[in-house]
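> There's a structure below that I have some questions on.
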Amino acid sequence: MKITNVTEYEAIAKEKLPKMVYDYYASGAEDQWTLQENRNAFARILFRPRILIDVSKIDMTTTVLGFKISMPIMVAPTAMQKMAHPEGEYATARAASAAGTIMTLSSWATSSVEEVASTGPGIRFFQLYVYKNRNVVEQLVRRAERAGFKAIALTVDTPRLGRRESDIKNRKFKPLCVLILQIHFAPNLTLKNFEGLDLGKMDEANDSGLASYVAGQIDRTLSWKDVQWLQTITKMPILVKGVLTGEDARIAVQAGAAGIIVSNHGARQLDYVPATISALEEVVKATQGRIPVFLDGGVRRGTCERQGPVVSSAFSSLCYDGLIATHMLAHAYRYLT
């Protein structure tokens, strides 16, 4: 089947993946209004095209935190990619490197920071949650730093996991991620960054499959002072991921953040918050150009990049043909502009 746009990967993913896996990747929180709004908001932004301008030579290169990349598009963190394809994060890392852009590895990846680093050269960031046991946080940060990762993307919108009703319906006997990893794939397919760390077990709960894990380990006391604390344990710059308001953008600047990722967690956390593209202007104005601002969510075509700088998260491609599809996905944004 010839793929002509990114959205078509989603249909293939739905056909190929087990329902619970597809639902985990594709669903949002509660009524999923924000999930739809992330896309619909882009459709309300219209272009004012100028004509008779020489476009024979186009340069899409840019710099992010001093690193030159081929286009203003990066790969955002997505958990447990080996549920979609055995290559998982390996394929994503190689594809991002081949496309000349940055990959952000989820701390809940099915490949460790060391394993991803072993795939070859590339600019990589590490997504981080802050846990009650700060020793665990320090270990994760230092491992990422030793593995050559260049920045931390600190997720700040998850004091508890959003109510994802598709996951709740699918999880009848075991927590969703345990059921998927142990039955659909192999018992040794785990959240690799936590191997050897004492995090406790994921017990069942009347909630989404990861809820008991998050409730037991994510630190709900996380505050702006922790951004400053992280700066004391690493030399890597810290991007604050999950900002949607100008007020928080100004505080992020004051707290010493190196950048902001405007994100609503793929509409998987709090429903009825603005689409990220709708929040972008307010955040950018609040920073007054002092730090870079990126956008995460709703991106499907190269035209989206023209509507706002993006961090793209689109891993339906992995289930199609691993490295080849992910590589195609990264380059599709160039050719669709």
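Even glycines carry a Cβ here, placed using N, Cα and C.
Just so it is clear, the model here is predicted, and its values are computed rather than measured.
Taken from TrEMBL, the feature domain 'FMN hydroxy acid dehydrogenase' covers 1-303. Residues or ranges marked as glyoxylate binding site by TrEMBL: Tyr24, Tyr129, Arg164, Ser263, His265, Arg268. Residues annotated as FMN binding site in TrEMBL: Pro77, Thr78, Ala79, Ser106, Gln127, Thr155, Lys241, Asp296, Gly297, Gly298, Val299, Arg300. According to TrEMBL, the active site, proton acceptor annotation covers His265.
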> Do you know offhand how many angstrom separate Arg164 (glyoxylate binding site) and Ala79 (FMN binding site) by C-alpha?
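Taking the Cα atoms only, Arg164 (glyoxylate binding site) lies 15 Å from Ala79 (FMN binding site).
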> Return the maximum Cα to Cα distance in Å (whole number) over the record's glyoxylate-binding residues: Tyr24, Tyr129, Arg164, Ser263, His265, Arg268.
19
> Whole-number Å distance between the CA of Gln127 (FMN binding site) and the CA of Ser263 (glyoxylate binding site)?
13
> Fill in the CA-CA distance, Pro77 (FMN binding site) to Arg268 (glyoxylate binding site), as an integer in Å.
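Given the Cα positions, Pro77 (FMN binding site) is 13 Å from Arg268 (glyoxylate binding site).
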> At a 10 Å cut-off from the C-beta of Arg164 (glyoxylate binding site), count the other C-beta atoms across all protein chains.
27
> Are there residues of the same chain, six or more positions away from Arg268 (glyoxylate binding site), whose CB falls under 8 angstroms from its CB, and which are they?
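Listed in sequence order, they are Ser27, Gly28, Ala29, Leu35, Gly162, Arg164.
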> Pop the Cα-Cα gap between Ser263 (glyoxylate binding site) and Lys241 (FMN binding site) into the table, whole Å please.
6
> Relative to the Cβ position of Ser263 (glyoxylate binding site), how many further Cβ atoms are located within 10 Å?
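Around Ser263 (glyoxylate binding site), other Cβ atoms within 10 Å: 26.
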> Are there any residues in the same chain, six or more apart in sequence, whose C-beta is under 8 angstroms from the C-beta of Ala79 (FMN binding site), and if so which?
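Looking at Cβ-Cβ distances below 8 Å from Ala79 (FMN binding site), excluding near sequence neighbours, one finds Ser106, Trp108, Ala109, Leu191.
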> Around Val299 (FMN binding site), how many other C-beta atoms are within 10 angstroms of its C-beta?
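Step by step: centre on the Cβ of Val299 (FMN binding site), count other Cβ atoms within 10 Å, giving 26.
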> What are the non-local neighbours of His265 (glyoxylate binding site), defined as same-chain residues 6+ apart in sequence with CB under 8 A from its CB?
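Set apart from His265 (glyoxylate binding site) by at least 6 residues yet with Cβ under 8 Å, we have Thr155, Asp157, Thr158, Gly162, Gly242.
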> In angstrom units, rounded to an integer, how far apart are the Cα atoms of Tyr129 (glyoxylate binding site) and Gly297 (FMN binding site)?
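One finds 19 Å between the Cα atoms of these residues.
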> Would you kindly give the Cα-Cα distance separating Ser263 (glyoxylate binding site) and Val299 (FMN binding site), rounded to the nearest Å?
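Approximately 12 Å lies between the Cα of Val299 (FMN binding site) and that of Ser263 (glyoxylate binding site).
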> Quick one, of the binding-site residues Tyr24, Tyr129, which Cβ has the fewest other Cβ within 10 Å?
Tyr129
